[in-house]
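According to TrEMBL, the protein carries these features:
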DOMAIN    5-196  domain 'Fructose-1-6-bisphosphatase class I N-terminal'
BINDING   Glu92, Asp115, Leu117  Mg(2+) 1 binding site
BINDING   Asp115, Asp118, Glu279  Mg(2+) 2 binding site
BINDING   Asp118, Gly119, Ser120, Ser121, Asn210, Tyr243, Lys273  substrate binding site
DOMAIN    200-330  domain 'Fructose-1-6-bisphosphatase class 1 C-terminal'
Amino acid sequence: MSGIKTLGQFIIEKQADFSYAKGELSRLLRDIGIASKIVNREVNKAGLVDILGDAGTTNIQGEGQKKLDVYANEQFISALTSGGECCIVATEEEDDFVRIDSPVSQNAKYIVCIDPLDGSSNIDVNVAVGTIFSIYRRKSIEGKATLADVLQKGTEQVAAGYVIYGSSTMLVYTTGKGVNGFTLDPSIGEFCLSHPDMKVPEDGTIYSINEGNYVHFPEGVKKYLKYAQVEDLATKRPYTSRYIGSMVADIHRNLIKGGIYMYPTTSASPNGKLRLLYECNPMAFIIEQAGGTASDGLNRILDIVPTELHQRTSIFIGSPKMVKMAEILMEEYSPVKPLGDIDTVQVV
Ligand code: P6P
């Protein structure tokens, strides 16, 4: 018996972890895996076909869409539609959520929030990009699912994952019982278990942030950068700066080596740049499941109650000791508003 365990075999094996599971979540994860292999094929040959460059359109964020952004979005929506397990897709590339009304999906109970191709500005220069997804169970019992089914706290996620299209293609996901990584073996077209039970190092020496925004950072972030850059051999400082400009790639590296990724508020992004539902929540769920932490500088990312589809937040995520130090300096120099009672009331 070969030592290979495919994603499909692993999902089925772990299905036993969920007594209520009747296979729907397993099939949903399978659908996402299939779409990511199709996207991977296009990402890998992007330079050879007319799929690079701008699509000539902009998304609701006002960001120029790359042809691969649009292609990836279409592939994931198509796979989720034909898979029949998802009733709503909330995607970075669509202004509103996409309701899946196909006959096969009318009783579907899962919601998928997705950034189909994160870091797309890197596509044209052959740098790693990624897909980020988050899966919720719909809250409403009957009728058509609504926005209230989408606007759920990160703690309500039943699964989350990302695909990194890099030197190799990996799918990393959690269902709340640890984090496992699968590397795509092109020779058999299967994601194979390569990184079982992933754990983020408690401490690290890598920090990831766009220092070009320095003048616009909160004082607490400026203090953290100075802390990271001062020499102190006992704490292995100065740290190393690594910033790819692709959240999936930066966080994946930090998950394996240890580190902190920060996207604080800036003048251009007074609420932070990254989106809560399909970037920060899934990455926070994964990192917490791997033993790390994720906050907005004070509040746990997963506790933030979304009030709108493309809501943004600042994020400090990674090795718990590094995130804690950043939070200490943020509390002292740039205190973040705590989530009040009203903030924790679910949108129903
Ligand atoms: P900036 C990519 O657009 C992204 O959403 C993340 O993947 C990445 O970490 C960040 O934005 C890069 O933003 O402002 O540094 O170019």
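Each residue, glycine too, has its Cβ placed from N, Cα and C.
Where TrEMBL records a feature, it is marked here on the structure.
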residue	record	Cβ neighbours (10 Å)
Asp115	Mg(2+) 1 binding site	29
Leu117	Mg(2+) 1 binding site	31
Asp118	Mg(2+) 2 binding site	28
Gly119	substrate binding site	22
Ser120	substrate binding site	25
Ser121	substrate binding site	14
Asn210	substrate binding site	14
Tyr243	substrate binding site	16
Lys273	substrate binding site	20
Glu279	Mg(2+) 2 binding site	28
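Of all residue pairs in Asp118, Gly119, Ser120, Ser121, Asn210, Tyr243, Lys273, the annotated binders of substrate, the farthest apart have Cα atoms separated by 16 Å. Note: the Mg(2+) 1 site is recorded as Glu92, Asp115, Leu117; in the same chain, Asp69, Ala72, Asn73, Thr91, Glu93, Ile114, Pro116, Asp118, Ser120, Thr131, Ile132, Tyr278, Glu279 also have Cβ atoms within 8 Å of that site's Cβ centroid. In the three-state DSSP reading, Leu117 (Mg(2+) 1 binding site) counts as strand.
For ligand 1, there are no nearby binding-site residues; that is, of Leu117, Ser120, Tyr243, none has a C-beta under 6 Å from one of its atoms.
Using a 10 Å Cα-Cα cut-off around Glu279 (Mg(2+) 2 binding site), the binding-site residues Glu92, Asp115, Ser120 reduce to Glu92, Asp115. Here the domain 'Fructose-1-6-bisphosphatase class 1 C-terminal' (200-330) is broken down by DSSP into helix, strand and coil counts: 59 helix, 23 strand, 49 coil. All protein chains shown were included, and the count of other CB atoms within 10 Å of the CB of Glu92 (Mg(2+) 1 binding site) stands at 25. Between the alpha carbons (Cα) of Ser121 (substrate binding site) and Glu92 (Mg(2+) 1 binding site) lies a span of roughly 15 Å. Nearest neighbour of Tyr243 (substrate binding site) by Cα distance, taken over the binding-site residues Glu92, Asp115, Asp118: Asp118. For the pair Asn210 (substrate binding site) and Asp118 (Mg(2+) 2 binding site), the C-alpha distance works out to 16 angstrom.
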